[in-house]
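Asks: Structure below; questions to follow.
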């Protein structure tokens, strides 16, 4: 599933080609996503100029002169730029054609993504309850410490809770906990303020590094320019269950936490 760095990589790839451009038409080949694509999307968006492309958590906000297209890539979706008229392959559900001769093409084999329309996107039901962005000053270790008091859940699903902080998905939660030396199974309430301060620093560092390297390529993800991400080359623990720790050589253990695979080093993390 594309996580925050992959979505931000997509935003950076498509924004320069969309902002300031006028939409000539919208072609919808299949409306059946997680929520149906609005039947009047072509009418709403065609003829409008795209003003700004933003990201909130893992949602892309394509702001037109009137209204905003909210897009989520789901489990396996991607947005990329193609030439207008390029024949569509299977699973290529939407083309947003621009007067520049380019089209923004949405592909989603599993159809778990979304394309919705809103006149007030930040107050849309999908976005209004989201926590702070991890790379802003609104998120820090003190927030983690305060929100964790009384929480008996494991620390990994705690930091993956979008009400606590957005965008810390399975890959980056696994890596950040390793970098901070915290066992993912530990109760959130049992972790000290000092360790949460360290964890927040590592979350910010790892997400920023992943964005710089274009995200992590796992199966389906490619950036908005059609290129893969390269952060996978720097993963210390994610996806390496049974292999040896790159730091101490101990065998990495893989467990299930909150229905997700989690890998950790029993020596480096406590």
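Numbers here mean position along the shown chain, with the first residue as 1.
Yeah, the Cβs are placed from backbone N, Cα and C, and that goes for glycine too.
Not my notes, these are from Swiss-Prot:
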{"type": "ACT_SITE", "residues": "2", "note": "active site, schiff-base intermediate with DNA"}
{"type": "ACT_SITE", "residues": "3", "note": "active site, proton donor"}
{"type": "ACT_SITE", "residues": "58", "note": "active site, proton donor"}
{"type": "ACT_SITE", "residues": "260", "note": "active site, proton donor"}
{"type": "BINDING", "residues": "91, 110, 151", "note": "DNA binding site"}
{"type": "ZN_FING", "residues": "236-270", "note": "zinc finger"}
Asks: Would you measure the largest Cα separation among 91, 110, 151 for the DNA site and round it to whole Å?
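Replies: Maximum Cα-Cα distance: 42 Å.
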Asks: What same-chain residues lie close to the zinc finger (236-270): Cβ under 8 Å, and 6 or more beyond its ends?
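Replies: For the zinc finger (236-270), the far contacts come to 154, 156-157, 160, 170-171, 174-175, 177-179, 181-185, 218.
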Asks: Across the whole of the zinc finger (236-270), what does the mean pLDDT come to? Round it, please.
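Replies: Residues in the zinc finger (236-270) carry a mean pLDDT of 96 in this prediction.
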Asks: Which of the recorded positions 3, 58, 91, 110 has its Cα nearest to the Cα of residue 260 (active site, proton donor)?
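Replies: Of the recorded positions 3, 58, 91, 110, 3 has its Cα closest to that of residue 260 (active site, proton donor).
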Asks: So how many other Cβ atoms are close to residue 91 (DNA binding site), meaning within 10 Å of its Cβ?
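Replies: Around residue 91 (DNA binding site), other Cβ atoms within 10 Å: 15.
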Asks: Give me the count of other Cβ atoms within 10 A of the Cβ belonging to the residue listed as 'active site, schiff-base intermediate with DNA'.
Replies: 28
Asks: So which recorded positions out of 2, 91, 110, 151 end up within 10 angstroms of residue 58 (active site, proton donor), measuring C-alpha to C-alpha?
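Replies: The recorded positions passing the 10 Å Cα test are 2.
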Asks: When the number of other CB atoms within 10 A of each residue's CB is tallied over all shown chains, which of the binding-site residues 110, 151 has the maximum?
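Replies: Counting Cβ neighbours within 10 Å, the top one is 151.
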Asks: Which one is closest to residue 3 (active site, proton donor) in space, judged by CA to CA distance, out of the binding-site residues 91, 110, 151?
Replies: 110
